[in-house]
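Down below is the structure, laid out as structure tokens.
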Amino acid sequence: MVFGGDRPLLELSGISKSFGGVTALRDVDFTLHAGEIHGLVGENGAGKSTLMKIIAGVHTDYGGTMRIDGEERNFRSARDALKAGIGMVHQELSIVPDLSVAENVFLGSQPVTRFGRVDWRGMNAQAAAHLRSLGIDVDPRVPIGSLPIGLQQMIEISRVLFSGARIIILDEPTSALSPPEIERLFGLLQALRQSGRSMIFISHFLDDILGVSDTVTIFRNGRKIVTAEAAGLRKSFLIEHMIGAGHEDLEESYTSEMMLDSKPDAPVVLETSGLTLGRAFRDVSLTVRAGEVLGIYGFMGSGQLELARALFGKLHPEKGTVAIEGRQVSLKGTAAARRAGMAFVPESRRSMLFSHEPLYKNMSISILGRLHPVLLRPNAEREIAERHVVSLGIRPPRVDQHLGTLSGGNQQKVGLAKWLTYLPKVLVLSEPTRGMDVGAKDDVVKIVRGLRDQGIGIVVVSSEPETVLSLADRILVMRKGEVAREFVSEAVSKDRLLDAA
Amino acid sequence: MSAQSAASDKTDPPKSSRTMIWLRSRLSNIAPFITLLFLVVFFSIASPSFATLDNVGNILNQISITAIMAVGLTYVILCAEIDLSVASVANATGIVVAYFTLQDSYANIANVPLPGYAAILLALLTCFLLGGVNAFGVTRIGIPSFIMTLAMLQIGAGICAMLVRGQIAYAVPPFIATLGQKALGPIPYVVIVAATFLLVGHLVLQYTRFGRYVYMVGGNREAAEYSGVNVRLVIASVMIISAACSGVAGMVGVAYFGSAQQNEFDSYLLDAISAVVVGGTSLFGGRGGIGNTIVGLLVLGVLNNGLDHINIDSFLKILIRGLILLAALVINIYAQRLRANQMN
């Protein structure tokens, strides 16, 4: 499809933006036509999200101009942008799980009867009709939290549409979805395009980008590198431009078959039997050996995230046992789990780091008791932090710097460094590479392999097949809360994993 | 290595804006201090009797009971919790210590006289018990501290009412009477007790593992938990510390007032919370400390005392205190927002 002729719907020119002296966007031009699906790719920190936040009215002070239908606009808020027909669907859904589907669709603008009461019947009927017109068949009265994630996401998109959006920005919409859900989502996007809506689609999943977009724009280091028609583009072309030259072999390493290499002779460090927790997971029995990485793969909502939390004493299974180095332990809480030799890195940086505290305090929090039972040892804390900063290549290398000023990838390293001073017996990593760029992913893979070689047992839990494939020596696949398959010492590929899940 | 650090230095903002960033990040510490300076200068000019050594002593004396309570409350607020029962627990503890002391015959109270040390022990037991109930309710049952301690406020008031039945007790054990009424040379013991609590409170917060946990739990509870910190234990501890501080404030306070009766600490709840918040300790937790609380105590002390030295409608004083508290809250929230912006 070519959009050369008509006037663009959205036109940005010379957009620049910096945060406290750090340039996020440099002189970026960007156009979007009616009925276009425009894919955006780039490593973390390349400027995609910043540009989208400018379009959606979240960032209001920037250089350059924005035109909609040829008219210059300068939004003062996200509400302003929405009024002008620009809606954004964030990676973290902004639905209210306990409210019904209809209430979520109408959030903030419920229709009322003559007497000022909410017009339930009208609201439910309108919501159902609106959703049906988009091919979503669901009872508008059920709480939205009870629906699968994929459906929730489609309803959120429909809400943005319902509020009159002509331009819809989708930030990583597919990361939590299963392949059939992704297909349904793409069907919806195609239908929307037919009706003249435009979409901007940000994703790390290059196959998804190429599968649905008309046009693809690649960002690197705050600059727009290239915009090209998606038809005929190859994934290697995208990767090459995302990370610069010289990385042609990377794509292969992430998609080719991997030979698993289990260690059947090493001693077992972690063993669970029959772990069961409500609807989250059932009857999970697994073993992890010293110097081995056990990958646990499953689509979002398959119970693997809850399992990881249970292994660190945050969730409490109602049945089953956990043994560490052959001794049965009771993981009553996270402190007990830590004492038993467990360590955990959660999937979101927000839930593992203290952004207002300096680097060294973030790294020492788990080991304070080892330095001195009662008192603090700030000099020892700083020394330890200095060591980690050097060995992990954290930038900037200043241990008194507040953590919040670091980039995402560096923050992630700090979260890992927390557990590296005194090695745990078992390290549980939840989605260790989610949302990371290729370079940072490589760093994490190296760190995890280094830890494995030092003899600790590692559990990697993820819904991204690439992550599990690049890290694991043995793989469990979870489906709907149960262990569906185990891959031991054999060739395995993304296809086979997806197949098993 | 050196080339890398030079490169990273280049991305730093220019010096003047760094100073601004520093100032903005310290707003919550600087603003109360400036307020204090302003008030001192203002009252010194407005009233000749304000800036005298005697009056400085008065102010310290007047804020001491609040100070003891505010130490524990600082811990609670640093953990992003709240304790509304401080004044009530203080009152109950003060009445318990008097209840177990032999009263003069004119005090019409049916009480249980015990030796002084026993009365003090029972009083301490009372405040630990009340703090323990707060801790249990908040960490085990999961009642929000705002509601839990509101209930405890009522329970404490109930204990007071039951024990004194509308009467007034006067006698307290000699040791407590000394702390509340006597002086060591020129310095009243009550000021020494307050200073000791503030100092120990500060040292524990800044130099112990527990103190670090208090900041971390307040800064990001989830992250503290995922770092293997026993968050519930930390929160339970601060609730008990708060009650213990309140209990001591109550005992010393009863001696300081010279009587033990219902509702005599009522104004101290607002004073203690104001002192902590006016000092710049963040209501969202994780920021602030005893240093801030000291400045907050002095602001309130200077304000209360200074208003007595100038000719002003005593009813207007109440309004002025409310306005000062409001201004402090605005600064508290604003400083928090500035910091959040800076991090993005």
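Each residue, glycine too, has its Cβ placed from N, Cα and C.
What TrEMBL lists as transmembrane segment is B:27-47 (among others).
What TrEMBL lists as transmembrane segment is B:59-77 (among others). Listed as Cβ neighbours of the transmembrane segment (B:59-77) (distance under 8 Å, sequence separation of 6 or more from its ends, same chain) are residues 83, 86-87, 90, 145, 188, 190-191, 193-194, 197-198, 201, 205, 214, 218, 238-239, 241-246, 248-249, 252-253, 256, 268, 271-273, 275-277, 281-283, 285, 288-290, 292-294, 296-298, 300-302, 304-305.
Under the heading transmembrane segment, TrEMBL lists B:84-102 (among others). With a threshold of 8 Å between CB atoms, the same-chain residues lying at least 6 positions outside the transmembrane segment (B:84-102) that come near it are 65, 69, 72-73, 109, 111-114, 116, 118-120, 122-124, 126-127, 130-131, 134, 146, 149-150, 152-157, 159-160, 163-164, 169-173, 176, 242-243, 245-251, 253-254, 260-269, 272.
Marked as transmembrane segment by TrEMBL: B:114-133 (among others). Away from its own ends, the transmembrane segment (B:114-133) comes close to residues 85, 89, 92-94, 96-97, 99-101, 152, 155-156, 159, 172-176, 239-244, 246-248, 250-251 of its chain (Cβ-Cβ under 8 Å, at least six residues beyond either end).
Away from its own ends, the transmembrane segment (B:145-166) comes close to residues 76, 81-85, 87-89, 91-92, 95-96, 99, 109-111, 126, 130, 133-134, 137-138, 239, 260-263, 269 of its chain (Cβ-Cβ under 8 Å, at least six residues beyond either end). The transmembrane segment annotation in TrEMBL covers B:145-166 (among others).
Per TrEMBL, the feature transmembrane segment maps to B:186-208 (among others).
Residues or ranges marked as transmembrane segment by TrEMBL: B:229-256 (among others). Panel annotation: around the transmembrane segment (B:229-256), residues 64-66, 68-69, 71-73, 75-76, 78-79, 81, 83, 85-87, 89-95, 97-98, 120, 123-124, 126-128, 130-132, 134-136, 138-140, 145, 172, 176-181, 190, 193, 197, 201, 210, 213-214, 216-217, 221, 264-265, 268 of the same chain, lying at least six beyond its termini, place a Cβ under 8 Å from a Cβ of the stretch.
Annotation comment: TrEMBL describes B:318-335 (among others) as transmembrane segment.
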